[in-house]
Each structure stands twice: as structure tokens, then as C-alpha cells.
Amino acid sequence: SCLCGSAPCLLCGCCPSAKNSTISRLLFTFFLFLGTLVSIIMIIPGVEKELHKLPGFCEGSGSVLGVQSHVDCSSFLGHKAVYRMGFAMAAFFFLFAVLMVCVRSSKDPRAAVQNGFWFFKFLVLVGITVGAFYIPDGAFTSVWFYFGVVGSFLFILIQLVLLIDFAHSWSQLWLRNASESSAKGWYAALCTVTFTFYAASIVAVTLLYVYYTKPQGCTEGKVLISINLILCLIVSVVSILPKIQEAQPHSGLLQASLITLYTIYVTWSALANVPTQSCNPTLLVRNSTSSATATEPLTAWWDAPSIVGLIIFILCTLFISLRSSDHPQVNKLMLTEESGAGAGPGEVERGEHRAYDNEQDGVCYNYTFFHLCLLLAALYIMMTLTNWYRPDESLQVLSSPWTAVWVKICSSWAGLLLYLWTLVAPLVLPDRDFS
């Protein structure tokens with residue numbers, strides 16, 4: 001009953017105050033993290049060598065594309081393994097997204113599948129993963145790359161929504177504490193954090209100009225950095241305009257500084273994929289036919305943007321699993337309830353947002369949307385672990401395409417526009433409630 005029941009006893013023993021719906025989301029997130037850990041292990045050099053033993057995983061993988069039947073793909077076996085783990089996790093969450101369509105309450109028999117049978121779910125995930133490693137390569141890696149690009153772009157947008165919501169909630173909390181306690185320490189903390197974020201952003205922009213541009217050439221990098229810098233300045237100025245402050249008293253530079261810092265990170269991540277060696281010092285070409293790269297450690301392509309992206313991924317998925325927003329508009333967008341199903345009247349009056357065990361009158365979150373978010377997260381982490389690199393047609397060289405650069409840059413622009421809309425929306429649509 002511990003593994004197959006609706007509330008696993010081990011987790012309930014560790015977290016006695018947690019509700020069943022929260023436990024379910026955490027366990028699905030644990031499955032995602034488990035798959036991520038396996039993916040990380042598979043790109044370790046010693047494990048990459050062992051992948052040669054998988055039947056059909058390397059030798060003969062290029063025959064479908066008309067190249068020679070024995071391809072030396074040892075330089076990116078880990079890359080292909082991560083793609084298959086990403087496919088397995090995406091298929092697992094897509095299966096549950098389809099199964100949970102239109103589940104309205106725990107009275108639906110499918111709700112028991114969502115909140116229980118964890119041992120069998122684990123077996124299903126293992127089975128899909130094993131099957132994924134027997135997929136003939138052929139065009140699989142090339143096609144699945146584009147699935148990963150689209151899914152990653154959508155997940156970055158979800159990250160931006162959660163980041164903007166977090167920034168607004170953070171500012172409101174500190175300003176409320178400052179007004180209630182009449183203590184200047186909260187205002188000092190607000191100013192300190194804001195200054196730190198802006199200082200880090202300025203330093204980061206300077207480093208981007210130094211390392212990712214040259215006095216002669218590298219025009220694309222200069223333009224992209226400059227555009228994002230100008231856009232960040234615009235949203236920072238707009239956030240403190242009198243009209244904006246009048247419509248949204250809690251709007252301020254804390255939110256703008258956090259969005260600016262994240263935008264600069266996304267710009268850095270995009271520039272790390274520019275396929276020009278002279279303009280990208282972090283560019284790594286893994287060529288299985290090059291003797292120069294044969295002696296290089298296979299883990300060298302784990303760069304700093306990937307590590308930061310992995311940390312943001314972990315925080316974002318935990319955020320999705322544990323929390324409902326304080327803002328009704330975000331709850332509507334993310335398909336979570338503003339107040340938990342089964343909440344008592346006192347809890348509703350206090351505005352508490354929690355996931356409750358009693359979902360007979362309505363679910364606390366949209367099951368299908370939750371699984372789709374994890375599906376997109378699986379695709380995002382797959383692209384992050386592989387640095388958004390893809391093999392060429394000969395399946396012998398991993399290269400960084402311009403596609404990755406433009407997807408990341410466009411996501412940064414979308415995030416800035418989304419934040420700008422949260423500032424001007426009360427002025428553009430005065431009849432709507434944006435409290």
C-alpha cells in the first residue's frame with residue numbers, strides 16, 4: 001500500500017502536513033528529476049563508452065540517411081542518450097496528460113490514477129525508457145531536435161510568467177511588511193537587492209561585450225546585446241513612471257531589476273550558441289573524425305550557461321509543483337485554483353492558496369496542464385544538457401545552430417514584452433480588475 005496507495009507512507013511520514021495533491025505533484029516532479037539525473041550520468045565519459053554496447057545505438061545508425069553503415073559516433077553517444085531519455089520522459093508525461101483530460105474532481109476514477117499507483121507508474125517510466133534506447137537512429141536525432149527547440153521555447157515562456165509573478169509577489173510582500181511594521185529595514189533590504197541585481201546586470205553586460213564581441217566583426221552579438229540592454233532600460237523606466245505607479249502602487253525597480261538580470265542571462269545563453277568561433281569563446285565542436293578533439297575530455301562541453309539553466313530549471317519545476325499564485329490572473333493562466341478545493345471559509349477570507357486533500361468539489365490544479373508543463377520541462381532540460389547542439393547530416397560532428405540563438409533571443413523579447421504588458425495593462429484596460 002505504501003507504493004501503490006494514494007498517499008505514499010514514506011513521504012507522508014517525512015512531510016506530515018503536506019496534502020495529497022501536493023504529494024502527487026512532488027512525486028511526478030521527482031520522476032522528472034530522476035530522469036534528469038540519469039541523463040547527466042549518461043554524458044559522463046566513462047558511461048559514454050559503455051553506451052557502445054547497446055545494440056544498434058551507434059554502429060549502423062547512419063544507414064537510413066544513406067551514409068556508411070559503420071559510423072564512429074563516439075564523440076556524442078552521451079548526446080544521443082540524453083535525447084532518448086528526453087523522449088522517454090516526454091512520452092511518459094504526454095501519456096498522463098492525455099489520460100487526465102477533463103478530470104474535474106477526485107470522484108473521477110482517473111483521479112485515483114493521478115494520485116496513486118506510484119510503483120506501477122515507475123515501471124511504466126522504466127519501460128518507456130528502455131524502449132526509447134531501441135529506437136533506430138536514422139532521422140530521429142535531427143527531428144527530435146526541433147521538438148526540443150519548440151518545447152524549450154514554450155517552457156522558457158512559462159519560466160518568464162513564473163518569474164514575473166514571483167517578482168511582483170516579492171515586492172508586494174516586502175512593501176506590506178514595511179508599511180505594517182513601520183521599519184525602515186525592509187526598504188533598505190528592497191534597495192539593496194535592487195542595486196545588487198542591477199550591478200550584476202551591468203557587470204554581465206560588460207563581460208558579454210568583452211568576451212562575445214570583437215572590435216572588428218561579431219556584428220550580430222553587438223546588436224543583440226545592445227537591443228536587450230535598451231529594452232531593459234525601457235522597462236525599468238516605465239516601471240517607475242507616475243502613471244504606472246498610480247495604477248500599480250507595488251510596481252517598482254525590484255521587479256524590473258530581476259527581469260533585467262534574467263534577460264541578460266538569456267542573452268548570455270544565446271551568445272554561447274553563436275556558431276562562430278571568433279565571436280564565441282565557449283563554442284565547442286565535437287568532431288569524431290578530428291584527432292585534435294579526440295584527446296579533449298568529453299565533459300568539456302558542460303559550460304556555465306548550462307549549469308545556470310539547470311539550476312533555474314530545478315527551481316521552476318519545484319515552483320510549479322508547490323505553489324499557487326497570489327495573483328488571480330496568473331492562476332487563471334496557469335490553470336490553478338485561487339483557493340483550494342475544500343477550503344474552509346476562514347481560509348478563503350484570509351486569501352490562503354493551498355492544495356487540499358479534498359478534491360471532491362473540484363481539483364486544485366489542472367492535471368493535464370500540469371503534465372504538459374512537465375513535458376515541456378523534460379524537453380527544456382534535454383536541450384540544456386546537450387547545449388542545444390545537434391549533429392550534422394553525416395552524424396559525425398556536433399554543431400551549434402543559429403536556431404538556438406534566435407529561439408533564446410526571441411524568448412527574452414517575449415519576456416520583456418510580457419512584463420511591460422503587466423505594467424501598462426491597467427492603463428490600457430481600466431475596466432478590468434488587475435489587483
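Even glycines carry a Cβ here, placed using N, Cα and C.
Noted in TrEMBL for the protein shown:
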TRANSMEM  26-47  transmembrane segment
TRANSMEM  81-103  transmembrane segment
TRANSMEM  115-135  transmembrane segment
TRANSMEM  141-164  transmembrane segment
TRANSMEM  185-211  transmembrane segment
TRANSMEM  223-241  transmembrane segment
TRANSMEM  253-271  transmembrane segment
TRANSMEM  304-322  transmembrane segment
TRANSMEM  364-385  transmembrane segment
TRANSMEM  405-429  transmembrane segment
- Task: Could you tell me whether the transmembrane segment (26-47) and the transmembrane segment (223-241) have 3+ CB pairs under 8 A, leaving out pairs under 6 positions apart?
- Result: no
- Counting Cβ pairs under 8 Å to the transmembrane segment (26-47), which of 115-135, 185-211, 364-385, 405-429 comes out on top? 364-385
- When you scan the chain for residues with a C-beta under 8 Å from the transmembrane segment (185-211), skipping those not six or more beyond its ends, what do you find? 171, 174-175, 177-178, 221-222, 225, 229, 232, 252-254, 257-258, 260-261, 264-265, 267-268, 271, 281
